[in-house]
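S.K.: According to TrEMBL:
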type	residues	note
BINDING	A:TYR124, A:GLN186, A:ASN209	NAD(+) binding site
BINDING	A:SER233, A:GLN255, A:HIS258, A:HIS323, A:ASP356, A:GLU410, A:HIS415	substrate binding site
BINDING	A:GLN255, A:HIS258, A:ASP356, A:HIS415	Zn(2+) binding site
ACT_SITE	A:GLU322	active site, proton acceptor
ACT_SITE	A:HIS323	active site, proton acceptor
There are 2 protein chains.
Amino acid sequence: MNKIYNPTPDTWVSILERPTKTVNDIEATVKEIFAAVQKDGDVAVAKYTTQFDGVYFENSEVTAAEIEVAINTISDELKAAISLAKANVETFHQVQKTSRVSVETAEGVQCWQEKRPIQKVGLYIPGGTAPLFSTVLMLAVPAKIAGCNEIVLCSPPDKNGNINPAILYAANLCGVTKIIKVGGIQAIAGMTFGTKAIPKVYKIFGPGNQYVTVAKQLATQFGVAIDMPAGPSELLVVADDTAVPAFVASDLLSQAEHGTDSQVILVSTSKAMIDAVESEIQSQLEVLPRKAIAEKAIANSKLIYVENDEIALELIDEYGPEHFIICVQDEDFYVNNIGNAGSVFIGNYTPESAGDYASGTNHTLPTNGYAKNYSGVNLDSFMKSMTFQKISEKGIQNIGKAIEIMAEAEGLQAHKNAVTLRLKSLE
Amino acid sequence: MNKIYNPTPDTWVSILERPTKTVNDIEATVKEIFAAVQKDGDVAVAKYTTQFDGVYFENSEVTAAEIEVAINTISDELKAAISLAKANVETFHQVQKTSRVSVETAEGVQCWQEKRPIQKVGLYIPGGTAPLFSTVLMLAVPAKIAGCNEIVLCSPPDKNGNINPAILYAANLCGVTKIIKVGGIQAIAGMTFGTKAIPKVYKIFGPGNQYVTVAKQLATQFGVAIDMPAGPSELLVVADDTAVPAFVASDLLSQAEHGTDSQVILVSTSKAMIDAVESEIQSQLEVLPRKAIAEKAIANSKLIYVENDEIALELIDEYGPEHFIICVQDEDFYVNNIGNAGSVFIGNYTPESAGDYASGTNHTLPTNGYAKNYSGVNLDSFMKSMTFQKISEKGIQNIGKAIEIMAEAEGLQAHKNAVTLRLKSLE
């Protein structure tokens, strides 16, 4: 672990630097697969599924029978846990509903804003060792609340041609309309162009490896929106002597086990706390099943000592952490003033894993500094805002002259004329 | 004009097709300029400004003296018009403010969502024949209401090294913090990487030609967010016999004068209305100063007759127009059911130009079908949503078990451990 004491502000950017990604190497592969899927549809998708996942499908859509098997496979204990998490995620996203915002800006000029669902959305759920059924909840629950009428889920099959039963169980529970056994670049390409088996969607959500990330970025060039650019997961904890070193260490390690490129940072105004957390990390690390991964991430982690809360806040705001845990005496100072963070966890009994699974907040969050300019996934991510205006005869008489003058000044005579004709008809 | 009667749904996609863009040709130029600005900063920017705009600056920032001159140049009449428009835009965006959304998802588990400003934003305002000072209002007013603390505006200089005074006047009025005389790709690159003269920003807004559009798309690969992908402006009017043909024609022409690639569509359940609008267009077109442009756009326009409102709605929803004017008897049918549109104008006295300038709604809207998945610019475009959670001892006892079970099922032991340690401490 790197311990850094009182770094000067001019060194912050380099201290807080994230690992660079090598997007260029991947781009050619992604473009090739996109072109193939655009041209050959399901034939190309099947080819890449065989190539990358080692299975061939006549029909890649998950059947009702497969879902039935999944439902019977999941333990009652896990079902109850998923049910509790789902209820909390529902509660938190339900309250995010906004009603129509309406105002008469001038007499006779009524303007309003309404949010309407994005009609077709695609959810990508990675395969691999950790079956992210929790992400299914985080994406499908708000999609359903938003009122999206087509919710497509793509996830790669394992070598036997199956998707993890917990993913199927969660998808079915949350009202996903179609589940397709396809992963990687070919899944993103399929949802971008549409094939016979894979519906074309308007927006794609969900995490993935570097290939999926680049594929999502390329999808935006074909008219599809995405939730946000992705990057390795990250956690920053600010702690003073009121924190519990064992808890802080466990949070840092829970982040570190995600991947070797995970970012783990502790900022503290207490040198004693830094030392205590460091030694806790060492002992907790020993017994972790994913020790090999966590160890590498921890080796790159940073324990940063600063003089006071003001400096700490400024440094944290410069970083813009995806997950931000606050374990300090004066937590309100950080809560009220943090400008850039994805999700914030407050106090000694609020581990990051609570937000990952069951507190109700969304765990699809901006990493890689994107907390400066992107929202985490929320109800609005599945909707778009539309505006409406209705102007009465009186209304156009009130604002018509201003429109004519401005249109004229911009050299747009036909814009002016549309108003002039109406004003004249009212003379 | 192309008149199309009762097109079958399978032909809609081709009938409603937008002009294809040739992004690939432009990409190489954009990448080259980005690389140069990233490497050489202001030196590269100055080089391209000389090359494309024909002027050289030692200092490209607009001075207080230049703003003073602009203020004195603008007529009182135009100032009053801008002032009225600004007030309406302010009113409409002010009411879009949302307060903290907070809920206790389970006993002891408090979750809330808050929106905080994107700290640094960049506004791009094109130069050229039509000085879009109205766009300055549409971007700077909500940026200011959102609380963005750095609002940078870039706009290309004319041959004499000046920005149109109306743009300067509006920018100064709306509280833009820095105005820089730089345009095109080099402006977007400058705001992406930051130079000595041009601040690096977190999100870039505003219209532009194809070069600017591709540059904004490239900017997203360097961590910068953008308002939305752009495309040629478009208008769709639905009209029945209650519409006024002269008004409808004037609206279609106001769209057509934007550019030769503008999209203009009339959908009607009345053949008589289609013929009446067609003949009105011909006569109004004759006297327009931008006749040459409007004529070309009109030549590509489509007048589509359909049997009834249900078919019309379905067709319009498939198109997803940027601007959508409703001039029919049963306007509520369209207002309540339209799923995809940027901004909607209702009734005979609500021309599109009202929304372009002064009704209060934003005129930066999704074109090119993006109304299906993107919001128009609104107050939230200048903010990001952050979530917070605070869990009490009681709270973690309520949801801790579920987290442990889910983390275990996903194979993430350290995530589980962060909860287990806390639960144990409470035993």
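Quick reminder: no glycine exception, Cβ is built from N, Cα and C everywhere.
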S.K.: Compute the C-alpha separation of A:HIS258 (substrate binding site) from A:GLN186 (NAD(+) binding site), stating it in Å without decimals.
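M.R.: A:GLN186 (NAD(+) binding site) has its Cα 24 Å from the Cα of A:HIS258 (substrate binding site).
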S.K.: Restricting to the chain of A:GLU322 (active site, proton acceptor) and a gap of 6 or more, list residues whose Cβ falls under 8 Å of its Cβ, or answer none.
M.R.: A:SER233, A:GLU234, A:LEU235, A:ALA341, A:GLY342, A:SER343, A:LEU365, A:PRO366, A:THR367, A:ASN368, A:ALA371
S.K.: Using C-alpha atoms only, work out the spacing between A:HIS415 (substrate binding site) and A:ASN209 (NAD(+) binding site) and round it to an integer in Å.
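M.R.: If we compare the Cα positions of A:HIS415 (substrate binding site) and A:ASN209 (NAD(+) binding site), the gap is 49 Å.
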S.K.: With an 8 Å cut-off on Cβ-Cβ distance and a minimum sequence separation of at least 6, pull the same-chain contacts of A:TYR124 (NAD(+) binding site), or say none.
M.R.: A:LEU153, A:CYS154, A:SER155, A:ALA187, A:ILE188, A:MET191, A:ILE204, A:PHE205, A:GLY206, A:PRO207, A:GLY208, A:VAL212, A:LYS216
S.K.: Which ones in the same chain are close to A:ASP356 (substrate binding site), with CB under 8 Å and 6+ residues apart in sequence?
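M.R.: Set apart from A:ASP356 (substrate binding site) by at least 6 residues yet with Cβ under 8 Å, we have A:SER134, A:HIS363.
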S.K.: Mind computing the max CA-CA distance among A:SER233, A:GLN255, A:HIS258, A:HIS323, A:ASP356, A:GLU410, A:HIS415, which the record assigns to substrate binding, rounded to whole Å?
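M.R.: Taking every pair of listed residues, the largest Cα separation comes to 56 Å.
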S.K.: Less than 8 Å, Cβ to Cβ, versus chain B; work out which of the binding-site residues A:TYR124, A:GLU410, A:HIS415 satisfy that and list them by sequence.
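M.R.: Near chain B - Cβ to Cβ under 8 Å - we find A:GLU410, A:HIS415.
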S.K.: Can you check which residue among the binding-site residues A:GLN186, A:ASN209 has the largest number of Cβ atoms within 10 Å of its own?
M.R.: A:GLN186
S.K.: Can you grab the distance from A:GLN255 (substrate binding site) over to A:GLN186 (NAD(+) binding site)? Cα atoms, rounded to a whole Å.
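M.R.: That comes out at 29 Å between the alpha carbons.
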S.K.: Of these binding-site residues, A:SER233, A:GLN255, which scores lowest on Cβ atoms within 10 Å?
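M.R.: If we count Cβ atoms within 10 Å for the binding-site residues A:SER233, A:GLN255, the smallest count is at A:SER233.
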